[in-house]
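*Asks:* Dumping what Swiss-Prot says about this protein:
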SIGNAL    1-22  signal peptide
DOMAIN    27-110  domain 'Ig-like C2-type'
DOMAIN    112-219  domain 'Fibronectin type-III 1'
CARBOHYD  Asn127  N-linked glycosylation site
CARBOHYD  Asn194  N-linked glycosylation site
MOTIF     304-308  motif 'WSXWS motif'
TOPO_DOM  392-422  topological domain 'Cytoplasmic'
Amino acid sequence: MSSSCSGLSRVLVAVATALVSASSPCPQAWGPPGVQYGQPGRSVKLCCPGVTAGDPVSWFRDGEPKLLQGPDSGLGHELVLAQADSTDEGTYICRTLDGALGGTVTLQLGYPPARPVVSCQAADYENFSCTWSPSQISGLPTRYLTSYRKKTVLGADSQRRSPSTGPWPCPQDPLGAARCVVHGAEFWSQYRINVTEVNPLGASTRLLDVSLQSILRPDPPQGLRVESVPGYPRRLRASWTYPASWPRQPHFLLKFRLQYRPAQHPAWSTVEPAGLEEVITDAVAGLPHAVRVSARDFLDAGTWSTWSPEAWGTPSTGTVPKEIPAWGQLHTQPEVEPQVDSPAPPRPSLQPHPRLLDHRDSVEQVAVLVSLGILSFLGLVAGALALGLWLRLRRGGKDGSPKPGFLASVIPVDRHPGAPNL
């Protein structure tokens, strides 16, 4: 693994060096033509682009008649600036021995690249993306070379089935953006990401090992809606959909968490719904409520998504619907929900208060049924054991011969004639 990694690094450094160097007497990296680069505090060499290498030239600052370096300096077509600083930046002119213009050069100072900061994230279980940023500002034109490879364990079956593990280029999307995307990744595999920062003064590489399970972070849910429940002044119904980027497959589902709060209340209440909707039963009557949701892999892989944009809803101010009893002896008036500021308590309803999406009753019923089933089973086992023991004792009483002296003290025995009286 280490040899493959070092080999990949050597290839990328070679490519970066090729980008920096050229075969002409004045290597041109990229950027505007005629621009050459150096590092502050270091010696900088400028070369005259319009002459043959080694031809003596004279150097001037643009717009200044003062000679900086004459043709007899022995440096040929090059100009040497010792310990360059910001005052040395600008345009330089080189002239041949006959005074003809050899060319113009613009000096720009900056720093070599440092290892970039790289992070990766997967919005689904098939693709992931990596982003990067420079760890220090170089002040020079910068490019990034990005690639990845699949990590394998020596002797693993997966390696025997797929000997090719890369490296492959990680396409930057869009081109030139600080982001690349890996498509068709394997959920249970690990990958090594290589991001190399290149500028005219060198190259620096960052390697990052990632696992799709650990970097999984879905996009937030979409289509969040908050609606009132007619007739229930303390209830709100929230519904949403899966994020469009998450493939709907039965083996890769999402779970959700929902937060809500009344207006002007800073604290959020949190619940974890069982599906794609939730009924809030403790809303504050008459106040608008903010609601938001986030998503996560249902097996807790990765992390929670960011929160969805907030949606707002206000509980219903209508009356609770009532039914007249079948026997018709009780005449009831329409029940009006009291206003929020009214000191009078609400009138009790004659009908049971339904609880939407409240599964506690069903859970209790299941628990009672399970308990009754266990007790019935234990009773049957005890009865079977008692019956078996009784049958065994009865069979033993019929087949076995009585032991000597058994019941002798209870049953009298007639004396034979002539037997002496003891």
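Glycine is treated like the rest: Cβ placed from N, Cα and C.
Any idea what these are sitting next to in the structure?
*Replies:* Predicted-model confidence for the domain 'Fibronectin type-III 1' (112-219) is 87, expressed as mean pLDDT.
In sequence order, Val181, Val182, His183, Gly184, Ala185 constitute the residues six or more apart from Asn127 (N-linked glycosylation site) in its chain with CB-CB distances below 8 Å. DSSP gives Asn127 (N-linked glycosylation site) a coil state; it is part of no helix or strand.
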*Asks:* Test of understanding: give the count of other CB atoms lying within 10 angstroms of the CB of Asn194 (N-linked glycosylation site).
*Replies:* 24
*Asks:* Using DSSP, what's the helix, strand and coil tally for the motif 'WSXWS motif' (304-308)?
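*Replies:* The motif 'WSXWS motif' (304-308) comes out at 0 helix, 0 strand, 5 coil.
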